[in-house]
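A.B. asks: Structure provided below as structure tokens; questions to follow.
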Amino acid sequence: MSAAQDTPVARRLQHVNHIIIVLSGKGGVGKSSVSTQLALSLRASSPTTRVGILDVDLTGPSIPRMLGLDGHPVHQSSDGWVPVYADGVEARLSCMSVGFLLKKRGDSVVWRGPKKNAMIRQFLGDVRWGELDYLVIDTPPGTSDEHLSLLEHMAPVHSKLSAVIVTTPQAVALMDAMKCLSFTKAVSLPVLGLIENMSGYVCPCCGEISNVFSTGGGEEMARREGLHFLGSLPVDTDLVTLLDAAEPKGPESRAEEGSFELMRRGTVQALDAATEVNKTSVLNDTSS
Ligand SMILES: Nc1ncnc2c1ncn2[C@@H]1O[C@H](COP(=O)(O)OP(=O)(O)OP(=O)(O)O)[C@@H](O)[C@H]1O
Ligand code: SF4
């Protein structure tokens with residue numbers, strides 16, 4: 001690590017292998033649900049895989065609720081903040097969110113850019129993530145102060161930083177997803193691929209998938225833009241029940257299910273492909 005890179009953020013992230021930033025152009029498309037399910041699925045991929053999930057949706061943090069961790073206290077140790085473990089003593093799914101710091105559920109954060117930036121720097125520089133295979137970061141919709149702060153602190157010190165974009169199939173959501181994509185190009189953030197959420201509806205009686213809205217728009221956008229398509233997730237009433245449940249639940253409850261497993265596999269394959277490209281370009285750079 002060069003002196004310029006020896007920052008608190010660099011020290012905290014040096015044992016984090018991949019960082020996946022989850023983006024969506026539009027609000028309410030299921031970005032937090034996808035972040036949660038991606039983290040759960042990655043954790044379930046092997047008995048030793050360790051995953052962190054950082055919620056930087058500062059004005060609307062929903063990860064604690066989705067993981068059944070609402071109201072959990074955060075411990076401050078002499079060596080920084082201890083993340084909240086969604087799986088108790090196993091400690092393979094750690095979580096940090098501004099939601100843990102609010103006095104009560106439903107309180108809101110009304111901060112300007114500099115204060116948000118300071119909070120994000122603190123999350124990245126003070127949380128004791130330890131060794132992680134993946135750190136999944138849930139962000140607010142659109143591209144705002146939070147996204148710029150994340151990149152400002154992480155891009156100079158971490159080489160395996162990438163994004164996934166979540167969209168729904170409707171044209172308005174796809175237009176906003178395109179804006180997200182253009183943001184990633186402007187800031188040179190590699191995109192692993194696109195996930196289409198709320199793609200069809202799973203009948204709770206027979207499991208049949210019906211296309212209530214349009215479907216396939218995300219896949220079409222991925223093809224057009226030369227992105228990996230990481231999978232489509234149907235509207236699933238079971239998922240709403242699980243995510244909205246106030247009671248803590250087993251964190252792997254949905255992880256083995258088909259569409260999430262496909263999304264996890266798509267993401268891991270895209271990460272492997274991106275790592276290969278990096279290796280090849282490093283080899284080319286050194287041989288020229
Ligand atoms: N595939 C799905 N099937 C059924 N319900 C879903 C699905 N994806 C998300 N939801 C539900 O839609 C609502 C919004 O989801 P979520 O909070 O993940 O969206 P978001 O894009 O993160 O929102 P925000 O813009 O507030 O950050 C939640 O109630 C969630 O349970
Ligand atoms: S999908 Fe099948 S079970 Fe569901 S409402 Fe239609 S016919 Fe009934």
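Glycine is treated like the rest: Cβ placed from N, Cα and C.
TrEMBL lists Gly25, Lys26, Gly27, Gly28, Val29, Gly30, Lys31, Ser32 with the feature ATP binding site. Annotation source TrEMBL lists [4Fe-4S] cluster binding site at Cys203, Cys206.
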A.B. asks: Near Val29 (ATP binding site), which residues of its own chain have a C-beta under 8 A away, given they sit six or more steps off in sequence?
C.D. replies: Pro141, Val166, Thr167, Thr168, Ala173, Asn197, Met198
A.B. asks: What does the structure give for the C-alpha distance between Gly30 (ATP binding site) and Cys206 ([4Fe-4S] cluster binding site)? Integer Å is fine.
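C.D. replies: The Cα atom of Gly30 (ATP binding site) is 24 Å away from the Cα atom of Cys206 ([4Fe-4S] cluster binding site).
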A.B. asks: Do any of the binding-site residues Gly25, Lys26, Ser32, Cys203 touch ligand 1, in the sense that the CB is under 6 Å from one of its atoms?
C.D. replies: Ser32
A.B. asks: Cβ within 8 angstroms of the Cβ centroid of Gly25, Lys26, Gly27, Gly28, Val29, Gly30, Lys31, Ser32: which residues besides those meet this for the ATP site?
C.D. replies: Ser24, Pro141, Val166, Thr168, Ala173, Asn197
A.B. asks: So if I take the binding-site residues (Lys26, Gly28, Val29, Gly30, Cys203, Cys206) and measure from each Cβ to the nearest atom of ligand 2, which come out below 6 Å?
C.D. replies: Cys203, Cys206
A.B. asks: Secondary structure at Lys31 (ATP binding site) (DSSP, helix/strand/coil)?
C.D. replies: helix
A.B. asks: Taking only the Cα atoms, work out how far Ser32 (ATP binding site) lies from Cys206 ([4Fe-4S] cluster binding site), in Å, as a whole number.
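C.D. replies: Distance (Cα to Cα, whole Å): 27 Å.
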A.B. asks: Roughly how many Å lie between the Cα atoms of Lys26 (ATP binding site) and Cys206 ([4Fe-4S] cluster binding site), rounded to a whole value?
C.D. replies: 31
A.B. asks: Of Gly25, Gly27, Gly28, Gly30, which of the binding-site residues has the most Cβ neighbours inside 10 Å?
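C.D. replies: Selected residue: Gly25.
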